[in-house]
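Working notes, structure below.
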Amino acid sequence: MRVLLVGAGGRENAIAEVLARDAELYVVAGHKNPGIARLAKDYALAKETDVPRVLDFALKWGVDMAFIGPEAPLEKGIVNVLEENGVPTVGPTREAAMLETNKAFARWLMEEYKIPGRKLFKVFDDVSEMKSWIDDFGRPVVVKPLGLTGGKGVKVVGYQLKDNEEAKAYAEELIKRDGKVLIEERTDGVEFTFQVFTDGKRVVPMPLAQDYPHAYEGDVGPITGGMGSYSCEDHRLPFITKEDYEKALETLKATVEAMRKNGTPYKGILYGQFMLAKDEPKIIEFNARFGDPEAMNVLPILKRSLVEIGEEIVDGNLKGAEFERKATVVKYIAPKGYPTNPVRGIKLHVDEAKIREEGARVYYASLDENFRMLGSRALAVVGIADSLEEAERIASAGIRHVRGEIFYRKDVGTRESIARRIELVRAMRGE
C-alpha cells in the first residue's frame, strides 16, 4: 500500500509515524522535515498548495491513497483534484473544508440547521452598519476575518482589543482589506479541543485535548499556533462533565449530518474548538484537519491502523477507533522571538537518544534537514504515561536534551495550570 502525505509540520510527523507502520510513505511538502524524511520512501519538495505538482507526484509514485495534513491545500481543492484523478484522499473537498476556510459559512450552517453550541453572529460588508450593530449589541465582541489566518487573525475584546471601540476600528480595517468581516458575541469560559474521524455519516471520537495558544507561561503574550497541549488517561478533561462531553459530541455529529443535508458531505478529520461556557460547550471554530499540536496527543496512542481508518473513511465505511488509556503532554519548542520576530537559520542541537532514554518522543516541525530553524515552532517533545503528572514529567525531562536559541512553556500540562482552568469553570458555574 502506497500512501501520499502532504505537509511537513509536527502534526504531519505524527501522522507519518503511524502511516509508515502499515504503508509505504511518499511525501510532498514545502521543506524537508528530518523526522518525516527518515520514514519516507520518497520525498518531493513543492508548495503544498501547488495542487497540479502534488498531483504529478501522486501519479508518478502510483499512490493508493492520500492524506492531507494542513488546511491551505484543502482550501485549494486538493482533495477534489486528487479524487478526480483516481487517488482516494482522506480530507474534505474544497466545498466541505469551508467549515474551516470560511468562518461565515460555518456560522450560517449552524444557524440554518439549528446545531447546538452555536453563537450569535453577523457578517458585515458595510462599515457604518457594523459600527451601529456593535453599539446596539452593547456587550463585548469577537472580530474575525472570514478566511484562514493560521489562528492569529481573530481578536477578542478584553484580550487583544481593549474595548468595542477598538473592535470597530479593527473590523473596519478587515472590511477595507477583505470586503467582509464576521462579528460574534464573546463567549467566556475555558477552551478545549474535540477531534473526530468521520466518513460523512458516522462520527468516531478521539480523546479530548487542551491547547495552550499563548506564547508565554501563565497564558499571556501573543496567540501562536499552539505552544503545547495535554490529554488525560480517561480521554476526557478534568473540568469536563459527562454531560458537557455528550453535548460537544452531539454538536459535531449534528454538523456532519448538516453537511450531508447541505450537499457538501464532510469526510476526514473534523476538529471542534469549543469554549466550555456556563450553560453548554459553544463552538469557537472548526478545523478541517488534525490540530497541531493536538494530533500529537491522539495519534501516538491510537491502537488501530491509521491506514485502515483512512481506507474506511474514503470508502464511507468507518468502523471505529480505539485509543490506549494513557495521558499525553506535548511541549513545543519555538525559536526565540516567535511568533512576532523569530530567529531563523539557527541550528538546533537535539540529542534524540537521550530524549528516548527519558521515555519521551520527538516530532519535528519548522526545521530543515540540517536542523536549522525556519521561523515557526521547531519541534515538539511528547510524554506519554498512565497519569498526567508522569506524562508531564517525561516531556519536561525530554525537552532538556534540546539546545539552541529557543524557548518553550514549562507550564504546559502542569498540575498548577490545569488547577487554574478547573477553578475558572467552577467559578463560572457557581460551584
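Yeah, the Cβs are placed from backbone N, Cα and C, and that goes for glycine too.
As written in Swiss-Prot, here are the features:
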{"type": "DOMAIN", "residues": "107-315", "note": "domain 'ATP-grasp'"}
{"type": "BINDING", "residues": "134-193", "note": "ATP binding site"}
{"type": "BINDING", "residues": "GLN273, GLU285", "note": "Mg(2+) 1 binding site"}
{"type": "BINDING", "residues": "GLN273, GLU285", "note": "Mn(2+) 1 binding site"}
{"type": "BINDING", "residues": "GLU285, ASN287", "note": "Mg(2+) 2 binding site"}
{"type": "BINDING", "residues": "GLU285, ASN287", "note": "Mn(2+) 2 binding site"}
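Features as recorded by Swiss-Prot, highlighted on the structure.
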residue: ILE134; record: ATP binding site; DSSP (3 states): helix
residue: VAL142; record: ATP binding site; DSSP (3 states): strand
residue: GLY158; record: ATP binding site; DSSP (3 states): coil
residue: GLU166; record: ATP binding site; DSSP (3 states): helix
residue: LEU174; record: ATP binding site; DSSP (3 states): helix
residue: LEU182; record: ATP binding site; DSSP (3 states): strand
residue: VAL190; record: ATP binding site; DSSP (3 states): strand
residue: GLN273; record: Mg(2+) 1 binding site; DSSP (3 states): strand
residue: GLU285; record: Mg(2+) 1 binding site; DSSP (3 states): strand
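By the criterion of other Cβ atoms within 10 Å of the residue's own Cβ, the least surrounded of the binding-site residues GLU166, GLU285 is GLU166. Across the domain 'ATP-grasp' (107-315), mean pLDDT in this model comes to 96. Cα-Cα distance from GLY158 (ATP binding site) to GLU285 (Mg(2+) 1 binding site): 19 Å (rounded to the nearest whole number).
When the C-alpha distances from LEU174 (ATP binding site) to the binding-site residues GLN273, GLU285, ASN287 are tabulated, the minimum falls on GLU285. Here the Cα atom of LEU182 (ATP binding site) is found 17 Å from that of ASN287 (Mg(2+) 2 binding site). A gap of 25 Å separates the Cα atoms of GLU166 (ATP binding site) and GLN273 (Mg(2+) 1 binding site). Look at the Cβ of each of the binding-site residues GLN273, ASN287 and count the other Cβ atoms within 10 Å; the largest number goes with ASN287.
Spatially, by CA atoms, the binding-site residues GLN273, GLU285, ASN287 include one closest to ILE134 (ATP binding site), and that is GLU285. Neighbours of VAL142 (ATP binding site), defined as other CB atoms within 10 A of its CB across all chains, total 22. Cβ neighbour count for ILE134 (ATP binding site): 22 (other Cβ atoms within 10 Å of its Cβ, all protein chains included). Of the recorded residues, GLN273 (Mg(2+) 1 binding site) and VAL190 (ATP binding site) place their C-alpha atoms 11 Å from one another. In this structure the C-alpha atoms belonging to ASN287 (Mg(2+) 2 binding site) and VAL142 (ATP binding site) are separated by 18 Å.
A distance of 14 Å separates the Cα atom of VAL190 (ATP binding site) from that of GLU285 (Mg(2+) 1 binding site).
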